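According to Swiss-Prot, the protein has these features:
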- 18-529: topological domain 'Extracellular' (TOPO_DOM)
- Asn27: N-linked glycosylation site (CARBOHYD)
- Asn28: N-linked glycosylation site (CARBOHYD)
- Asn40: N-linked glycosylation site (CARBOHYD)
- Cys59-Cys292: disulfide bond (DISULFID)
- Cys72-Cys84: disulfide bond (DISULFID)
- Asn104: N-linked glycosylation site (CARBOHYD)
- Cys107-Cys153: disulfide bond (DISULFID)
- Cys296-Cys320: disulfide bond (DISULFID)
- Asn304: N-linked glycosylation site (CARBOHYD)
- Cys488-Cys492: disulfide bond (DISULFID)
- Asn498: N-linked glycosylation site (CARBOHYD)
- 530-550: transmembrane segment (TRANSMEM)
- 551-566: topological domain 'Cytoplasmic' (TOPO_DOM)
Amino acid sequence: MEAKLFVLFCTFTVLKADTICVGYHANNSTDTVDTVLEKNVTVTHSVNLLEDSHNGKLCSLNGIAPLQLGKCNVAGWLLGNPECDLLLTANSWSYIIETSNSENGTCYPGEFIDYEELREQLSSVSSFEKFEIFPKASSWPNHETTKGVTAACSYSGASSFYRNLLWITKKGTSYPKLSKSYTNNKGKEVLVLWGVHHPPTTSEQQSLYQNADAYVSVGSSKYNRRFTPEIAARPKVRGQAGRMNYYWTLLDQGDTITFEATGNLIAPWYAFALNKGSDSGIITSDAPVHNCDTRCQTPHGALNSSLPFQNVHPITIGECPKYVKSTKLRMATGLRNVPSIQSRGLFGAIAGFIEGGWTGMIDGWYGYHHQNEQGSGYAADQKSTQNAIDGITNKVNSVIEKMNTQFTAVGKEFNNLERRIEKLNKKVDDGFLDVWTYNAELLVLLENERTLDFHDSNVRNLYEKVKSQLRNNAKELGNGCFEFYHKCDDECMESVKNGTYDYPKYSEESKLNREEIDGVKLESMGVYQILAIYSTVASSLVLLVSLGAISFWMCSNGSLQCRICI
């Protein structure tokens, strides 16, 4: 009985022993990240690298408003379709917006030659100076400039024509050969547009131009073409059996362009001195234009984001994140948010020896929990926490900086004859997009694995730091905690935390308590062994007595007969 009471007393004493535990921060975060080995790992802190939202608006770009073409397209705007008169004064923009029903382009039917290339050129233009290249009143004294109108380009119910071109016809009964030149002195490239008319019949050719064998010649240092009218019967489009083909060229500073014709010339009236050098572009969008500002615009809406990736739209204008196909790119910065023991990454650094994170420790990532006669409490290890924060912050910033190549990505332009090239280009673009997406996802997976293992190793290092100080002055409990063999007040606890624990000071007390506890263990083991033997012997005796009594009873009533044979 004395041994039993002594064992119970020692057990009670052990439960009240001073302890210190190494642990890590936990919170109520539900953020999840993916690693190379796992998916949806809950972590205490993380940063999102993928922008997936927009405001649904078309905004000004860095304070400069876009040019909304409305129901007009680029051709109608530059040629001066009468339906696009609201755009006549437009001369600057951050980007150009066409809508899905931008149908007002060339009002007189015909082909706009190299139209897609012209749209591509506008991607680097943000403003222009519109000017009269050949003034209407003085440039064509021997020709008619007022009768060239058509019902196909009507305005307010009356026949009209393009605002930036002149349809030159015969004056009286003659169309003398014309020759007109312009030398570019604007200090920048000048966009010049003109056209060539192809009548449906020879009678219309003579009615308009008098000359049956007319030609149009256009030449500069880089451009030289001669056009002859193609007179042929054609089905009517917009009420017209004739056709007009539209042409353009860029005239360098100091270069001269000369127009020579004996008929069929749709002469330039206005030209455009282009201001190049900034990223612009043409997008097709039905989103509304609002009084807002952004650094990145997509057809779906504006992105106000400094993240390195986005999955909103591949077409972007401005300083935009790189488009990827991913649906999630989240980088871990904190630790696993672990409520219970589970596997911990490649290193397995604290697998099975830390039961779970502490929500009570809010001022650091790693730290201590102690309990002694003076009370208990949490304390973060500021040095290891700060080193980890600095390292991870630098890593995240480096990843974002390397991957955050912001740029404009506008769609490439192809005409109907280049569909095979367009399909090939799309395949190439899709291939690059797949590579970008794969690289981004792999980078995040690897960095997340490294970050979580980095945290694990930091907790392990903190544990080893405590263990190396305490040595045999404390017992490892196997859950990240140490039980002291001596009294450890708050000053003692603080010395363990800051690495100044005085091992010799507590060695003698620890030795005595350790030997006493070990002795109790041995004595209690002997008591329990004696009890076990006694119990076994007593049970055997009871069994034998019972068997003997049953045998005697059965012999007395004849149920059991015993015969002894010699």
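Yeah, the Cβs are placed from backbone N, Cα and C, and that goes for glycine too.
Confidence over the topological domain 'Extracellular' (18-529), given as mean pLDDT on the 0 to 100 scale, stands at 88.
Rounded to a whole number, the C-alpha distance linking Asn40 (N-linked glycosylation site) with Cys84 (disulfide bond) is 54 angstrom.
In sequence order, Thr359 make up the list of same-chain residues 6 or more apart from Asn28 (N-linked glycosylation site) whose Cβ falls under 8 Å from its Cβ.
Comparing Cβ neighbour counts within 10 Å across the glycosylation sites Asn27, Asn304, the minimum falls on Asn304. For Asn27 (N-linked glycosylation site), the spatially nearest entry among the recorded positions Cys59, Cys84, Asn498 is Asn498, judged by CA separation. Of all the glycosylation sites listed (Asn40, Asn104, Asn498), Asn104 sits in the most crowded Cβ setting, with the most other Cβ atoms within 10 Å. Long-range Cβ proximity for Cys292 (disulfide bond), meaning a same-chain Cβ under 8 A and a gap of 6 or more residues, is found for Asn55, Lys57, Cys59, Ser60, Ala302. Secondary structure from DSSP puts Asn104 (N-linked glycosylation site) in a beta strand.
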